[in-house]
Each structure stands twice: as C-alpha cells, then as structure tokens.
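A.B. asks: Please read through the structure below; I'll follow up with questions.
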Amino acid sequence: MDHSGHGMTMDLPPFTLGRGLEWSTDPFFLIACLVGLGLYGWGVVRLVRRGDKWPAGRTVAFVIGVLSIVLMMCTQLNDYGMVMFSVHMVQHMVISMVSPILILLGAPVTLALRALPTAGRGRKGPRELLLMFLHSRYLRIITHPAFTIPLFIASLYGLYFTPLFDTLMGSKAGHIAMMVHFLAVGLVFFWPIMGVDPGPHRPGYLMRMLELFAGMPFHAFFGIALMMASQPMVETFKNPPASLGIEALSDQNAAGGIAWAFSEIPSVLVLIALLFQWYASEQRQARRTDRAADRDGDKELEAYNAYLASLNAQGR
C-alpha cells in the first residue's frame, strides 16, 4: 500500500521506544478515556461520601487499564502503528488483552450498580437501564463462549488475512473503529472468564479456565503463520516508508513474535488470578460451613442438656 496518504507518518524517523512514547493526541480516544476515568472517579467519590468502601486495588487496576489505552493511542506509537506491522501488533495485543483485563479487574459495572441512585417506583433511571442490559438476551448471547471464542479468533484471521484490514487502515475512522472493535472483543471475551462483575454467564472456575485457553492455540498459530511467511501477508505494511529503515518481512516476523508472546503472557496472568479467586472462594465456603456446624453443634448441645435436665426432673 502506498503510504503517501498518511501525511506525517511518511517522515517518521527510525523507531525507538523514546520516539514511540512521545505525545501525539488522538482526540477520540483521549476524550473517551477522560470520560471513563471521570465517571469511575465520580462513582468512587459517591461511595466514599456515604460511608461505603471501595477497594483501592480495583481503582488502580481500572486507571492503569484506561491509561494503557492512552499509551497506545495518544502517543507516537499510534503514528508508527500506521506504517509498522510490529508496532501495530503491540497496539492490537495491548488493547484487546491487557487493557480489558485491567479494566474488568476494576469492576466498573459493580461500581455503577452501587453508585447510581435508584429511580422512583415505576421509573427507569440509569441504574435500572443497566440492570435491564445485564439481564438482556443480547448480552447473554454476546458473552456466551459459543460467540466470544469464534469472535476472538475471527478478529485475527478474518481481519489480517482478508482485504478488510487494508480497507480499515485506509481511513482514520476505519482505524478508530478497528481499535474500538479490539477493545470490545477483549471485554466480552474476558468478562465471563474474570467473573468480577455481574453478568448473564457465571461458569465454574474450571470451565472459565477452559474458556480462557480455548482460543489461545489459534492465537499462537496466527503468530507462527506471520513468522514463517516468506513474503509480506498484509498489503498495508508491504512497502514501509524508507525513512524507517526497515524491511517489511523482518517487521512482519517481529509482529508474529509479538502476537505469539501475547497469546501466553496475559493468559497466564488471568489463570493466576482465577486460581486466587478459586482459593478465596473455597476459603469463604469453608468458613461458612464451620459457622453452620458451630451453630448446629450448639443446638445439639442445648437439646442434649435439656434432655438430661428432663431425666433429672423425672428421677426426682
């Protein structure tokens, strides 16, 4: 693809991390991220003012998740990502896997349900509409593994190995739509697996682990396919600007390696989080069982003492 239409990306110097992290605002993502942080902050403040507690760890996770989107889309990583397959793949992997995991760990839906006021009888306010959405058939469908796993896979093979990717990369609106799609796919894929926020599907921990790893082999195969290709497979990155000093095939190999690595690292982190959740759940269940046994034991002891007292009374 001829990159002459990309404007300033034609003049980008060779990529370095320092250059990639220089500020380069994308108004759409900057405004969206600021709104998201503002709404989350409002919810936390509302809880604190009425004397409720909200875990600081959840706030930190959400903020880092949103800032990871800012890092990918509001720095020159976004500019380099228009002409370098490897940098674009970093954007894709972070926005579709790292950002959603962190945002979901922040439990924004739970926060909204606790912070939003209840509407009057017979009325539907934001909280009621959110509850309707959570119980809707639509959400039940798009968060079901039979939908999320194929969607997760199709976002790789159906995008990069078809002309659709070049079409989307040909305009700013298309590029924004693609990145929003990556984020949305990550959120609906990891939502039922993480199990932090309420949702229509709440499978057991073992099933969540199976869902987590169901799509990972396809992710790895995608990365391997890019690394083993003998020629550039994506038209957009076939002729990188000469100012970058890179070869298209070596850049594609790097992109494949990034995709392969990201099929493992976030998955292992989520697996560790699930194991901790599972352990904590078992501990809570054990404590509930012990308390129930203590209560039942006290009742049995009282009944036995009453029985002895009745025998003693009869003996008199």
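From the backbone N, Cα and C atoms, a Cβ is placed for every residue, glycine too.
Residues annotated as transmembrane segment in TrEMBL: 28-48, 60-78, 90-117, 138-161, 173-191, 212-234, 254-279.
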A.B. asks: May I ask for the residues of the chain that lie six or more residues beyond the transmembrane segment (212-234) and have a Cβ under 8 Å from a Cβ within it?
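C.D. replies: Sequence-distant neighbours of the transmembrane segment (212-234): 85, 145, 149, 152-153, 156-157, 160-161, 165-166, 189, 193, 248-249, 252-253, 255-264, 267, 270-271, 274.
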A.B. asks: Which of 138-161, 173-191, 254-279 shares the most C-beta pairs under 8 angstroms with the transmembrane segment (90-117)?
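C.D. replies: If we count Cβ pairs closer than 8 Å to the transmembrane segment (90-117), 173-191 scores highest.
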A.B. asks: Are there residues at least six beyond either end of the transmembrane segment (138-161) with Cβ under 8 Å to its Cβ atoms? List them, or say none.
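C.D. replies: For the transmembrane segment (138-161), the list is 96, 168, 178, 181-182, 185, 188-189, 191-192, 199-201, 211, 214-215, 218-219, 222, 233-234, 259.
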